[in-house]
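Below is one structure, written out as structure tokens; comments come after it.
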Amino acid sequence: MCDQTFMAATFGPCDSCGKASPLMNIYIKSEAINYCSFCVEMMACQQLQKGETLQSLKKESDSLKKKLEEERGKLNDVELHQVAEKVEVLSSLSIKTRRVLKGHGNKVLCVDWCKDKRRLVSSSQDGKAIVWDAFTLNKVSEISLSVFYFDSNAQNGLDNKCSVVPLSLDKNENLAAKKKSVAMHTNYVSGCTFTNSDMQLLTSSGDGTCALWDVESGQLLQSFHGHTADVLSLDLAPSETGNTFVSGGCDMKANVWDMRSGQNIQSFESHESDINCVRYYPSGDAFASASDDATCRFYDLRADREVAVYQKDSVIFGASSVDFSLSGRLLFAGYNDYTINVWDVLKGTRVSILFGHENRVSRVRVSPDGTALCSASWDNTLRIWA
Amino acid sequence: MSTNNNIAQARKLVEQLRIEAGIERIKVSKAAADLMSYCDQHARSDPLLVGVPTSENPFKDKKPCIIL
């Protein structure tokens, strides 16, 4: 019988592999490293072969990228607009400004419709959020906050937080007092949306991540890493059982994520500049994006590729926002040249231009029942088109 | 240590690309056909596309009524 004596003074989980084993107490540049003997050897080898490992990984990633392109290319048997040739050409639309909502003292940056299809909430650089009744043009309430962007009833500010303000029909309620801070990022919050259950909030941030929060406790449930620059926009997939969302950012990429695992499922990189807005097609099988490169693009998720580009030589200003009509046939896009272009999603042609705003269009939103389009602009007004 | 970070980053990229390369895809012709049929099915109920009579659209101004 012989006693096996280990030289190690400690036993515990290895800092590198996590397995419990005798640890080698070594110091690198006076920093204590508690690795098991296997990991110490691996570390020593990696340093020596650092060049090789990095190189072999780079080779593998390059070959995988090529393989991805090939796989996607194999399925590109026809273009969307070619298939759409059989579809009838759209007759000219009679969409005009029906209402102009004045009341903000500065650029209107964001707007969204309430589920009751008649109330709208908008936020402006003047630091106020106003709830409007779109039919009567009455201002239902006005909330003073350091708000900049919001979606539904949540407001984002440049204080890196996202707050939820409950809206009620009681005019006497002090809404600002009920404001509850939910999300906290390390940079500005660019976009947010409630999930299907209304109990969770999804946010996108200038810190390059997206995050899922529990509204009641304010706790971070999941974070989504993958973008290499500011994330400017996100949209939740429309299905009721939906667990995915798409995000777009300054790294020119649009990523699709699984909300439960935090995994980046698909990634699309065809824009040539910042993606300002992403929006799902009503069926949930595709999404559109608006970018500073003056194009809007349409991506099909099941074919895993871009299937249409909405551009014209005469359109040279960046697009800030997009939204689909109820059937998904029309794509409304707001641009920095003060116009809204209406595109035929299937044929790829422009159907109409909506003039009226006197400064950049910052956001366009179709009402939940599809009867009207609301646009927010830097000219301090909102317009309702129908 | 920055060298280990580079390796870790490269590994993450390879992992991500492996996942993306492995997903199932359908042909564009099939995807396009599905998009077209969705548009077709819902076109009739799209107010901005087909237009809605003035009497039903709350946003279009109605002619005022005169009580005689």
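Backbone N, Cα and C define each Cβ position, glycine as well.
Now, the feature entries from TrEMBL:
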COILED    A:54-81  coiled coil
REPEAT    A:101-142  repeat 'WD'
REPEAT    A:182-223  repeat 'WD'
REPEAT    A:224-267  repeat 'WD'
REPEAT    A:268-309  repeat 'WD'
REPEAT    A:321-353  repeat 'WD'
REPEAT    A:354-386  repeat 'WD'
Cβ-Cβ under 8 Å with the repeat 'WD' (A:268-309): same-chain residues at least 6 beyond its ends: 72, 75-76, 79-81, 232-239, 242, 246-250, 252-256, 315-324, 326-328, 331, 333-335, 343, 345, 348
For the repeat 'WD' (A:354-386), the number of residues DSSP places in helix, strand and coil: 0 helix, 17 strand, 16 coil
Residue numbers, six or more beyond the limits of the coiled coil (A:54-81), whose CB comes under 8 Å of its CB atoms: 298, 300, 303-305, 307-308, 346-348
For the coiled coil (A:54-81), mean pLDDT (0 to 100): 86
Helix-strand-coil residue split for the repeat 'WD' (A:268-309), DSSP-based: 0 helix, 23 strand, 19 coil
